[in-house]
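Worksheet for the structure shown next.
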Amino acid sequence: MAVFIGATGTDIGKTLFSSLILGKYGKSLGLKYFKPVQTGNDSDRVTLMNLTGLHESYFLKNYYSLSFAGSPHYASELEGVEIDSDELSRHLYSIRDEKIIVEGAGGLLVPLTRKILTLELVRQSEIPLILVAPVSLGAINQTLLAIEAVQNRKIDLKGIYFIGIPDKTTEDNIRTITEWSGVTLLGNFFLNSKEKMSRERFQIECLSRFDQCEVIKKMFV
């Protein structure tokens, strides 16, 4: 089964989360990574390749690759590229039963075009969703709004995964979000800083801490 990795906003941790899944289970489960729309060059795909050390065959080619770092609808307009959301939706629907990590661009309500939001693409594809959420001040409002948008569209939300640098509000943020939403808590991954992560640290420290109860692994088995 494919899983769509979405987030409450930009730079929340989707790419790190995707790296953790692929780095830990890519070889053993035969997982692939796919980012349908990439803005800002091919940075996320390259990040995953560098961190996981996996062969490029584990990384499917972007459907659309745009050099401007911005919302897909705006980046595509600047570069004269027409995003065919219907074709993209059909393609995602066709791979929904394959073992693929599908990473979205930006937050869930980011427009792909002037006519369709990312979340609508997820709904049309019928691929279940994991929501990556922040852990610091402001997380409650952001995350509950995102969950409400997902549930209003009757999308299969598998759970929430929290990523970020913790602060004094973190413990209560996670508790409050899970209590109010009723959505499954899949885990959390706390960072010490925003420093760029090396492959060595990722391989030794991060993979040993990730998904120790194998909750996420079971989605792909």
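Just so you know, glycine gets a Cβ as well, placed from its N, Cα and C.
Worth saying up front: this structure is predicted, and the values here are computed from it rather than measured.
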_Need one residue: from Glu103, Glu120, Glu126, Glu148, the one Swiss-Prot lists with Thr15, Asp44 for Mg(2+)._
Glu103
*For Lys35 (active site), which of these binding-site residues sit within 10 Å, Cα to Cα: Gly13, Asp44, Gly104?*
Asp44, Gly104
*Those residues of the chain, 6+ apart, with a Cβ under 8 Å from that of Asp44 (ATP binding site)*: Thr15, Ser18, Lys35, Gln38, Glu103
_Spatially, which candidate from the binding-site residues Asp11, Gly13, Gly106 is nearest to Thr39 (substrate binding site), comparing Cα atoms?_
Gly106
*Which residues, same chain and not among Thr15, Asp44, Glu103, have a CB within 8 angstroms of the centroid of the CB atoms at the recorded Mg(2+) site?*
Ile5, Lys14, Ser18, Ser19, Tyr33, Lys35, Arg45, Thr47, Leu48
